[in-house]
Each structure stands twice: as structure tokens, then as C-alpha cells.
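Here's the structure we're looking at; comments come further down.
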2 protein chains.
Amino acid sequence: MAKPKKTPRPKAETPKGFRDYFGSEVTHRAEMLSKIAAVYHRYGFDALESSGVETVEALGKFLPDVDRPNEGVFAWQEDADSGKPGDWLALRYDLTAPLARVYAQHQNDLPKPYRRYAMGPVWRNEKPGPGRFRQFYQCDADTVGAPSVAADAEICAMLADCLEEVGIDRGDYVVRVNNRKVLNGVMEVAGLAGDDKEAERGIVLRAIDKLDRLGPDGVRALLGEGRKDESGDFTKGAGLTESQRNIVMGFVSANDTAKSQLERLSSSVDKTSASKLRVAAYDNSTHVFPYWRSAETSKIWNKQVLSVLQDIAGGSLIGAQGVAELETISDLLDAQGYDATRIIIDPSVVRGLGYYTGPVYEAELTFDIQDEKGRTRNFGSVAGGGRYDDLVKRFTGQEVPATGVSIGVDRLLAALDAKGRLDKTADGPVVVTVMDKARMADYQTMVAELRQAGIRAEVYLGNPKNFGNQLKYADKRGSPVAVIEGGDEHEKGVVQIKDLILGAKLAENASLEEWKDRPSQYEVPRDQLIAKVREILDLHS
Amino acid sequence: MAKPKKTPRPKAETPKGFRDYFGSEVTHRAEMLSKIAAVYHRYGFDALESSGVETVEALGKFLPDVDRPNEGVFAWQEDADSGKPGDWLALRYDLTAPLARVYAQHQNDLPKPYRRYAMGPVWRNEKPGPGRFRQFYQCDADTVGAPSVAADAEICAMLADCLEEVGIDRGDYVVRVNNRKVLNGVMEVAGLAGDDKEAERGIVLRAIDKLDRLGPDGVRALLGEGRKDESGDFTKGAGLTESQRNIVMGFVSANDTAKSQLERLSSSVDKTSASKLRVAAYDNSTHVFPYWRSAETSKIWNKQVLSVLQDIAGGSLIGAQGVAELETISDLLDAQGYDATRIIIDPSVVRGLGYYTGPVYEAELTFDIQDEKGRTRNFGSVAGGGRYDDLVKRFTGQEVPATGVSIGVDRLLAALDAKGRLDKTADGPVVVTVMDKARMADYQTMVAELRQAGIRAEVYLGNPKNFGNQLKYADKRGSPVAVIEGGDEHEKGVVQIKDLILGAKLAENASLEEWKDRPSQYEVPRDQLIAKVREILDLHS
């Protein structure tokens, strides 16, 4: 008889592209989400939590990012029910598509406008890469049913408040605002409007979005016949005429134009104004965008950029409307005390998503970090959003105006970590060691007293035979204090309290004299256990 | 030419068995989870967050509940990669199976024992029913690698602390503890040990679990030939002999035996002791279990129950060990101040999960609620758990002891709601109305000031033409205050502040005199806006 085949043991592995989060990775994120939720709430937004699973029909087959059409969702078909084939279900890929479904489903019960925030995991069925995961958090706030750009301005202000609330200093971030209508106006002026020009507009949009990487010459090449990259691969261009290209490039270089106009202006006025008007250097290598560093001059900057945009796109109705909207946004924000050192009009913001129809905005952190290859880089974008009017229409046929932002929680956490803003103080529990297994009840009593005093504490629950293992365990947990009560101590009514943080420091640096002068272990009466532990914890906090 | 077919509009619906949560439904749960996390943390447990998606291989094909073998998971197959068929992935159905995978995968890096907590959604592919959803929250804490029952005792104490922390009063809950080893001992004594008796043991276990519903006679029938239910359907029994049935029934009625022993005892001692020993009535209709209501006598109760169990199961080695473990748990909890008014030894706790190997525990809320048919019912179980030693073994071949609890967050929220313990005070934003669209910047400034003062506030962002709609909106949001500044007010430098809560009360009850005496609208200078709003909010808080 053949031997029965052994079932091989299952592999203990996350699926490819997924990961586990431990301890402070979880709690730091939870704290950040809770701070952001508090800001969203203060702005009048209500919480919404939809489930991770939607019908494929409700989600729509499209994914938001037109640049990556192969990006997919995780989907499966329900079992057939009484002969009827089952629905296709899928994990949500963002929090906006579910919002559209919720709004269409519950519109009679929801207030209008509907301000809602949502936070939670989303899933993308894409090829995992380093630092790129198939499940990640999103943290969104959207206003549905408000046509006024006051709604967009409010979200930009809220975004700035969120960044400051979680620990990004003023000056370390900037929210950059543009308007798709200005871009559409530029297209119209350049003769690229109309349904038959959609392909060209797509190429132009993607070319503009690559300005940072390719520079003005690269963009100009893509607007024309095309461009050969370093590897020799050829990307076909939009095939614009020379004058069309000039119009688009005028838009692309709007910031530079505004800058030189202001520089000319500043050299023709008195010295004080000149110094006020100095523009921060445009540092192409670190992707920092020039903006006015002082509240006094930031208004001048916004006005100048808007005047350049008016010159380029004002000839088209939609373009002029776009510029006027940006002006309103700038004025509203100014009235609330959000000047252009925090929120700036910036025509270079394009944002990849095809569905935006009006203002678009993006939050960038402006400080430098070291990348994985040790190069100094600007940290870059941590949040973005804009106005979109078509999402709900899929369900109801009615166009419902909406605008909203999504904060990239994981990138923001990485930024705070890079800035040393995450609380890394040892948060390990006080460990009560077990010297005599038979006296477990006594040790549990100590721990209960510590916990009731609000102190994180635990009894060692492994095999207590080897005392060294207990101290190794305390070390691994990052414990600040170990409590020891052997037979002798019990008889004398005392406990030994070991300051493990001081102990570790002494072990590293101290001379023999210092060891003697600063003992890291104390014998105290049993009834002073809590007081002594608290004294040590306070010392290190 | 045929007309092109129109794509029908997608249905705006959640998939069957899923739902959306709005506003306070979300925030109440978040607050509860955060309070429970704080208790878990104080007990030394570390956070763990694994992803919602696991390989089917790592999850295992079994689901924990043996009574519902048709229960399934949501699963799908990955796309093939370079000719290799894709892995099967699935949504996690609980937080324990992922813990086993994490522990096996990261065991070299984790402290031992490993105390971890996890909270998040899980998914079950089962037939949805009323109040039964296919995505729900779990909130678990487990200790892996601690063989001592001190770990079980600790989790029972922590469970009691969690319930009190979220707002369940002492006396409104009881944590009931049993031990599977006692049950195994009973099986052994009854001659039901051995691999060939697995089917019988299964029937016996399920029969005991149905005591509440079927009563002792029904259970006895299922232990014998079987039982015909009201509909006439016949359930085959375990086919035990009369003496086997007596042994099992002795276990089933252990609580009653302990009770009558104590009653006999109390009638033979003096009056004071007798009153101390009075046992709460066993109320079968509401599933309330008898337990000692006073701290003084609760210890006596536990001891009596343990003595009954020793009589029944002590003849088997495993049974005696189980009773000894329960005794240790009772002593450890007593030493920490958790007497049997909070945590009680109760042999009627079986718990359906097949994988438990030692102590099992369950938290029950003991107060009455009205069920959906208006009947008074005991609220019942909100949390449960126990010791399981086999989960990690699947991956590593090594048996790793583990014990843990899962709190049913949604049931606990429903309980707090039923007790009126959820904060339902109006939490709507102050609404600044728009009287003049051109002065949006002024209104935004007011709102910015309110927010900076920590007051939840917003400008009305819908179409401002119809002022009535603005007040209707404020009403729908549950706004406590509306701010009004028209042209006249603006000229005079004042604002109107409407107390909407008082206004609503007056509209309901007040006489004309009261209306005049207690106006609900105030005119104050613009610079007193914040102070007046805060005054009104304080009045209603």
C-alpha cells in the first residue's frame, strides 16, 4: 500500500505586496488619523464608513489614474443564487467611488451640501514594488453638492490645518492650487478644444505633468513631434504647431514669467519694496517651488501669477472663469488668514486624475530628506484633491458638484518620522519578574496595583526558571523598570526596583565610581512600590 | 441601423449583507475601540495590524465555528505570473488566524510571550440576515507562548476592565469561566475518550451548548436516542447508556447541585450566614446565570462549584487538572480584587469553537433589554475566548500555547445604546448663514475665528437664495447655533446669533409670554461673536 501523502505545511507569509504593522507603527497612524479626524470634524465634516466590499457595477470599471490603465481591483463573483448568476464584488480602490455610491443611495436622507470624511484601507491589484503596497490607508474629506469655490477654499484651509495639527511646522509645507478650467482655457486658445482633439489634449496634459522631470525643452519636444529618451525610446508627441506650442509653453512657464515681472518691478522701486519682493530661488533640483516667504508679499505673488494666467487663458471664456475662481479662492483664504506662505496659486499643479473639472490642489512638504540612495531630495507631495462633477452622475443622471482631498497617511507618517516628530520614547511595560512560581498571585497583585495607577505593567508569563531570560524579555519589550521580589525580599516586606533605562546608560558609559554613586536598583518597602516606579518613570519622561 | 444600446445606469446599492455607517455610528465605535486599546495597552499588549487579505493557504480552509461548516470566506485567484498559476487569496474571517500566521512568520523578532491586540474589520461569506452583516469589527487580545493559566486569568481581568472602561457598570456584567479539560475529564469518566468516539463527543458538546434553549430534558434526550423537535424533525442523539448520560447530566447540572448544597448549608447555620449565602434566583427564561451578588460570598460560590466539578470529573487525570487550573484562576483573580461578582467559575460555558483546549471564558451583560418583538430579554454575550494550542502548529509543527479574547464591538455598542450610555448630545456645527453671496469672505472669516476657538463651525455652502433652506439645513445637521449677518447688521457692526436648541424647545412648549421673556435670538457686536456662541454652547452642554 502506498504511504498516505503528507499535506505540506502552509507557508507563513503575507500575500505578495501586503505587510504587517507592529506596535508604534499602528499607534502612530491611529493617533495621526484621530488628529486629522478632529480637524475634519471641527470644519463640520461628518464621519462615513462604508464597507471594504462594493459591487463592481457600483465601483465602475475605471480607476482614477488615467496614466495607469492596467491598474486593477481585487474582484470575485458571488455564488449563484437560485439559478441567477452571482454579482461581481470587489475591494474598494479608493474612498471617492464609494462616496458617489453612498450619496446616490442615501441622497434623500443626507444634508445638502454633504460634508463627509472617511478613513480606512483601500486595495489596488497592481504589481507590488519596494515601498509600494497593495493595501494602504486613505484619509479623505469631500463636500458634495456645493458648487461654490468657497468649498474648495475651505478644503485647502482645512488641509493646511491638518498638516499643522499632526506636527508639520508652518513653513515646512505649502498647499498649491490650480484650476483645470485655466488649463482648458489654454487648450481652447491653442485651438485644442473639441471632442476630436481628446488624444492631443491627453498628450499635452501628460507632457505638462512631466515638467519637473524633463524640463521645458523636454516638454516642448513632447508638444511637437515627440521625444527620444536616454535609452533611445521614442515617445510620440502631440504634433502641435509652433504657435500652439508657444501658447502651451507660456502656460508652463507662467511661474517664471510672474517671477521676472516681479523682479523687473522690484528693481524699479525703492530698496525696501525691492527686498520685500525678493522671490525665493527656483531650485529645480529639489523640486521646490518658488513662493513668497513673507505674509506681506505673498498676496502680491498670487496677484502677479493670476495676471499672467489672465494674459494667456483670458481670451477663452472658460479660461477667464478659471482665473476668476482662483482669484476668489485666493481672496477667501486671505480673509481667513491663510496667506500664500501656506496656500499659493501655482499653475504647475496638474494632477493626473482625468475626472477633475475645476480647482485642483496639492500639499507639498518643502523640507529635504535623504532618499534611499543617500541623495538629498525634497519630500514632495503628501495630499491632493480637487473638484469633480461627474461621479454621482453615473448613478442618477444628475450632475452633482463635489470637491475633496485625500491625505496620504503613510507618506505623512514617513515625513514626520524623517523630521523626528514621532514620539519614540520607550513605551514598554513595567515587568514584574517571577522569582517563585508559587507566589504568582502576589506578583499579579503588584501588577494590578500598577495598572490601577494607570501604569503600563505586566507579570512575566514565560517559563520563569531562567531569570536571565526574564531580563532579556524586559529588554526586548523596551521596559523602563523591572520589579523583583524573591523569598528574602518577601520576608523583609520589600521589593527591588530596577531602573532599566539608567542601567543601560550606565552599562554603556559609566566608570566604576559612577556605578557606585548612581545605583540603578533600589530596595523599597512593598507599600512604596507604586510611588517609586512612578518616580523613575517621571525621571525618564 | 439599430440604435446603439444604452448602458443602463449602475445601481447605487451596497452588496447584499453590507452596510454604511454614518456620523456618530462611526465615532462612537472609534471612541470605544480607542478606550479598549488603552486598557489592552495598559496590560502590556502591543498593537498589531495585519492586512485584510491573506493567502487561503495561510488562513486554512476551516472556519472556527464547527456548528456552521458551510460558512465561507470571500476568495479569489491571483492572475497567473510567468505561466505559474496565481495564489488563492481571501479576506480574513477573524483576527486569530492572521495572528497565527504572523507569529509563525516573525517568531524570531517577537518577544516571548507575545501579547498582542488587534482591531479591525473581518469578512464572512455567509447568508446575510436581519442585523447580521458580512463585514463586522473584531477587537482581540491574545497572549502567545504563555503556558500558565495566569495568562488566562489576566485576560479575564482585562475583559472586565474593558467593559467598565467603555461604560458598563459593575454588576451589569459577568465574565464566566470554564475549562475544556473539565469537560474532557467528564468525557473520560463517561467512557467517551478515544479517537473512535469523536462523533459522539461532538453530539454531546452541541447538546450541552443547547441547555439554555432545550432545558435538561431536551439535552438528556440528545444524549440518548435523539429528540423530535416541535416541527416533528428528528435529531439523532449520541446513543449513550443510562449511566453515561447520568455522568454528563451531572456536569450539566453542576450549578444547580452547587446551589442546593449551599442552600442546605445555609439553613443549617445561623441567620446572618444564611442571608449571606442566599443565591440569586436562577432565571431560566432570561438566561441569567446565578451568581453571588456580594463580594464576601462570591468566593464561597466558586469553591462550591469547584468541589462539585471535582466530584464529577476528578476521577480523570485531565479532569482533575482542569479543576485545579480553574482553582488557580479563581485564586489569582481574587488576589487582584476581581471577585466572583465580576468573574465567576461557571461550568455551563462551552463555547462552540472546536479548537479550544483549556480555559474558556465569556462576558455576558446581565441587564434586560427589549428585543425586536418587544419581549424582555437578557442582553447576553458580548465577548468570549479561551486557550488554543494548535493554531501555530499548522505552520511550524511546534505546539505553541495561546489564549485570547475577542470583544464583539457592535453588540457592545448596541448594549451601550440600549442603556442610554452613548453621548447623543447635539454635535452639529455652528452654521454661519449667507445673506449676501458677495460677502462670502466675511462669513468665512467668522467661521475661521470660530474654528480657531475650537468650535465646530461652517459656512452654508449650498445655494443661499432661499434663507429658509439654510435654516432647514442647520436643523438637519443638528446645529446648536446659527449666525446671521445681513446688510443692516454689517453696517451696524453687529451679528444675530440664534440659539437653535432653545428655539426648538420654545417652539414646542412656550406660551407667548415665555417667548417674549426668553428670546432665542441675540444681537451682539461683531467682536463678541465667539464669546456669545460659546456662552450658548456652554448653556446646552
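Every residue, even glycine, has its Cβ placed from backbone N, Cα and C.
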TODO: For the L-histidine site that TrEMBL lists with B:D94, B:L95, B:T96, B:Q138, B:D142, B:R351, B:Y355, B:Y356, give the additional residue from the candidates B:R124, B:R375, B:R377.
DONE: B:R124
Task: Most crowded position, judged by CB atoms within 10 A, among B:T96, B:Q138 as binding-site residues - done: B:T96
Task: Three-state secondary structure, which DSSP defines for B:Q138 (L-histidine binding site) - done: strand
- [ ] State the count of C-beta atoms found within 10 angstroms of the C-beta of B:D94 (L-histidine binding site), not counting that atom itself.
- [x] 19
Open item on the list: Is it possible to get the count of other C-beta atoms within 10 angstroms of the C-beta of B:R351 (L-histidine binding site)?
Closed with: 18
- [ ] Check each of B:D94, B:Q138, B:R351, B:Y356 (the binding-site residues) against chain A and write down, in sequence order, those whose C-beta lies under 8 A from a C-beta there; write 'none' if there are none.
- [x] none
- [ ] In three-state terms from DSSP, label B:R351 (L-histidine binding site) for me.
- [x] coil
